[in-house]
């Protein structure tokens, strides 16, 4: 109190004149004079004129905007003491002047006029100035609303930002890319230079600024970067990546909850306008801060629409129940999966969905199989939850069953006390026909699997080997089938050509033998003509008809073997015929 009075006495014009009024403003007492105050402050003039006391007047102003600091600046102005107007104090000066009714009715060029000139000519000419005034005005409610200070600042900011977004300046510093999805139909958003200026605003004022920007034509999908920056600033320090007890004060938790719910309400509705990783962080924070169910369901739906872009860490959401429940929030992930399936079903009937590749569902299938393998080691995970989540993976999303087999194997290993019926239900989640050879080899020796499952694995593997062997003999290629049809005809033609050549060769050998036989018969005829016992023909007699080859041969044989029987057997002789001397050493 003494310090403040001393501080006030330092700028009083005539300190030798005793004060005749004491003003209590913002918890501080000011010993001042009536005349300077009454001459410019309509509020104090009305109080003084209505008071019957002439000396020792006490004025109470408990709710003055800006408190003691604001009143001090107004008192200095009344005493004619100069002080500098700035972006930091102009909002306070304007609100104090309005509260004290420092209008032109009491003095020309009064504080209201002076402050308004500074606001219009300096403060609202730049984005930084408007943001600074708006930030200060947030603590001066409701007076700041009464003088339309907040509305004018918001309109100025919305106008400058919208104009900048339509005609970007080369001086604006561009930040890193926020949206990484190449499938988005919208331009990739960047962190603009003005975003850093806006994130200092209070959440309610920040929301009003963004809505004003949208009303002026700013694209809603471009709000993603600034919302991400604001969330990072306000939600910093939350333990949302591990299962730990909350270490946050209730008041701070309530404030952050309001911030998060407001950010979620401002998120763009366009698909792929926000990265799925950022939305996943918001969902973790929403579960941690226990926001409204509508807020959490909205975030779950957003993740479901972009589940094909997610990675495993995006859906590994910790459970914050702290009552010995599962390590991860399985129910939330199951609802996300249901949202994706619902979207895929609606998209299948929509012509626009044709642009979405089929591999998107395959990515989701692999992602969910990896998630099942990650949560399978949790001993608190009920078999019903494991089966229910696995059954929601569509069959068309599974290229093979190796991922499902891996998750089942981990679950059976972490839950050895399952009954035979439960093990059969778990193993029925996979199709043994889609297992790879490596997985089949592992499953055939896996003692954790039921016997029926192992038998199925062995049966389908044997059938696969049989099909592969048959496939090697019978080609499924149409060109190969046509070649196979022509192959027997070519083989038959080659065989016939070979047989024809063999027949020609045999015929040639027969002809050769026949010629040799004719030559031998001709030599025999010549020898018979030159023999002494043969009949000589006269030249004047005509020759007798020539005998055939067979007749001549039979005659010769008859002469050589006169004793040959009719059956062609020589008669028996008493003694053994001795070979002639010239045939004794023959080997024929």
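Positions of Cβ are set from backbone N, Cα and C atoms, glycine also.
Between the stretches 417-450, 519-552, TrEMBL puts its region 'Disordered' entry on 519-552. Check TrEMBL against the ranges 390-409, 470-489 and you find region 'Disordered' recorded for 470-489. DSSP places the residues of the domain 'BTB' (19-87) in helix, strand and coil in these numbers: 27 helix, 15 strand, 27 coil.
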